[in-house]
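Features of the protein shown, as given by TrEMBL:
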- Gly47, Glu48, Ser49, Arg106, Ile134, Arg135: L-glutamine binding site (BINDING)
- Cys79: active site, nucleophile (ACT_SITE)
- His170: active site, charge relay system (ACT_SITE)
- Glu172: active site, charge relay system (ACT_SITE)
Amino acid sequence: MINIGVLALQGAVREHVKALQAPDVNVIVVKKVEQLDEIDGLVFPGGESTTMRRLINLYGFYEPLKEFATKGNPIFGTCAGAILMATEIVGQTEPHLSIMDMTVERNAFGRQRESFEALLSMEGVGEDVEGVFIRAPIIETVGPGVKILSSYDGDIVAAQQGPFLACSFHPELTDDDRMHQYFVKIVREQQAIEA
Ligand code: GLN
């Protein structure tokens, strides 16, 4: 059995819990720092990154989350969650958790396309992954250790650096759970390495 947490400070939590369901997966809604000790992987949901960061500080999650990542525990960030993971945010002097070597630009798809859906080809996941973009960030650039999994209109929208997975869109808002199951696979593989 593996335990995967969903950080439940703000944003869409229930949908992630549903998409992570698998026979040997126990999903934990993480509201307290101590719960990080119980989990093998963690999802940062979408929402609003500055609000989420404020709550991370308020509830004492900042250092424990950094430590969780430094230990190599898998993390999957969607939309605002990806912004939390980036080492650099365009127009901001400081990043948030600085977990994954990438530069993101918030709300980068422009006002006229604040929300839209697109079919994406995603390496290792599928050729027709449904992407729901809501005031989505673009992954502008990635570092050498980061693999680009998907681009849309020339912009990077999903990437992976070892156990860290990030996407601009909201896979939890569709019935297609392949992206989450891809993350479950990452967590399983990491467990196998550590065992
Ligand atoms: N625009 C939001 C932010 O900057 C992210 C939007 C989302 O998660 N749907 O945090």
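Keep in mind that glycine also has a Cβ here, set from the backbone N, Cα and C atoms.
Features as recorded by TrEMBL, highlighted on the structure.
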residue: Gly47; record: L-glutamine binding site; contacts (Cβ under 8 Å, 6+ apart): Gln10, Gly11, Ala12, Cys79, Ala80, Gly81
residue: Glu48; record: L-glutamine binding site; contacts (Cβ under 8 Å, 6+ apart): Gln10, Gly11, Ala80
residue: Ser49; record: L-glutamine binding site; contacts (Cβ under 8 Å, 6+ apart): Ala80, Gly81, Ile83, Leu84, His96, Arg106
residue: Ile134; record: L-glutamine binding site; contacts (Cβ under 8 Å, 6+ apart): Gly46, Cys79, Glu114, Ser115, Phe169, His170
residue: Arg135; record: L-glutamine binding site; contacts (Cβ under 8 Å, 6+ apart): Cys79, Arg106, Asn107, Phe109, Glu114, Ser115
residue: Glu172; record: active site, charge relay system; contacts (Cβ under 8 Å, 6+ apart): Ala12, Glu15, His16, Lys18, Ala19, Pro45, Gly46, Thr78, His180
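Within the set of recorded positions Gly47, Glu48, Arg106, Ile134, Arg135, Glu172, Gly47, Glu48, Arg106, Ile134, Arg135 have a CB atom less than 6 Å from some atom of ligand 1. When the recorded positions Arg106, His170 are compared by the number of other C-beta atoms lying within 10 angstroms of their own C-beta, Arg106 comes out lowest.
The 10 Å shell around the Cβ of Cys79 (active site, nucleophile) contains 30 further Cβ atoms across the protein chains shown. Secondary structure at Glu48 (L-glutamine binding site), taken from DSSP and collapsed to helix, strand or coil, is coil. Those residues of the chain, other than Gly47, Glu48, Ser49, Arg106, Ile134, Arg135, with a C-beta within 8 angstroms of the mean position of the L-glutamine site C-beta atoms are Gly46, Cys79, Ala80, Ile83, Asn107, Ala136, Pro137.
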